[in-house]
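One structure is given here, and the rest of the page talks about it.
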Amino acid sequence: MASRPPLLALIPFTVLLLSSTHSAANPFFGFGWGGHWGWPGSGAPATGSGQSGPSYGAPANGGTPISSQSSYTLSPHYYEATCPQVYDIVLSVLEKAIAAEPRVAASLLRLHFHDCFAQGCDASVLLDDASNIVSEKNAGPNKNSLRGFEVIDEIKAKLERSCPHIVSCADIVALAARGSTFLSGGPVWELPLGRKDSLTANINAANTQIPAPNTTLQTLISKFNQQGLDEQDLVALSGGHTIGVARCATFKQRLYNQNGNNLPDATLESAYYQNLKQVCPQRGGDNRITPLDFASPARFDNTYYKLLVYGRGLLSSDEVLYTGSAGNTMKLVQSYAQDQDLFFSHFASSMVKMGNINPLVGGNGQVRLNCRRVN
């Protein structure tokens, strides 16, 4: 088991229900959503720490390059002439939705992840069942779990009134994920746009490519590598769990039968384990929820990593980033726990990489009029 700091340094097991609005302490407080940093060269930091922006051509480490489909590439300029108000419209809906229910920020961030990992970032996850569509919403990782669809619908409806048949659902999902991160106190980044929407869904990919909450570290690394993402991307993107909640069903095995021997996960810190048992009984209660980051559940920060160091990661797939023996993930967890700016910078870069997974561009796909069905 990985060594940990003394228990005297543990963060108290107190859920601090923090506001999801920005404060002056946020490094990007005061930056406008649209005119001030919507387009490159307008004063926007490209990543969480203001480093130079990433390339938008193709994901690294074996991911499918955008140019393999056509000569088109994603661009932050994509809607500059056709729908320059896209940023303001997206933000206005997000501000209202997150103010009403802070949890929706994490839901929209997760929606982008689940979309990209099944068939690429093409809004296939938004499609409902139809005569020729088996919806990804029915996949194991998504059923009765994915949320935020109504927020996407509202954004789409407003954009269709303002810029008819211009902004794709796939780009809306990516914009909503960025906006949700920003409104929760996290970094901003220059977002390449121009994705088109798929004509199909892929429930098999959703069932097999999205990592489960009890996934081993080696399997996590492998699944991310299959998407063109490396260990740094794995650990940085997992930091999205600094906001949001999980159902008892996703981690109950850690409390009562982690390895098939009717014993708890030995990596769980004892006080945290006792508190989780009060929330999630051995029988029943599968749909009860608890924060992924109990110390700042509505604030996008680096507390998630600090909790992993102390054995207080909620999901097995979270805690193994620190306790697992494969790769260099433990060092990354320690680095992000010590340096929030580094985490923000890497998270922003990894979100851009993830958003580059097999997008439909150019003449491929379509711009759906309704995100829930093909035209």
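Every residue gets a Cβ built from N, Cα and C, even glycine.
Keep in mind that TrEMBL annotations are predicted by a computer and have not been checked by a curator.
For Cys83, the cysteine that TrEMBL lists as its disulphide partner among Cys116, Cys121, Cys163 is Cys163.
The disulfide entry in TrEMBL for Cys248 points, among Cys169, Cys280, to Cys280. Separating the Cα atoms of Glu136 (Ca(2+) 1 binding site) and Cys169 (disulfide bond) is a whole-number distance of 15 Å. Distance noted between the C-alpha atoms of Gly120 (Ca(2+) 1 binding site) and Arg110 (site 'Transition state stabilizer') is 14 Å. Rounded to a whole number, the C-alpha distance linking Cys248 (disulfide bond) with Pro211 (substrate binding site) is 17 angstrom. On the 0 to 100 pLDDT scale, the domain 'Plant heme peroxidase family profile' (73-375) averages 96 in this prediction. Counting only residues at least six positions away in the same chain, the Cβ atoms of Ala123, Leu126, Ile152, Lys156, Asp197, Val367, Arg368, Cys371 sit under 8 Å from the Cβ of Cys169 (disulfide bond).
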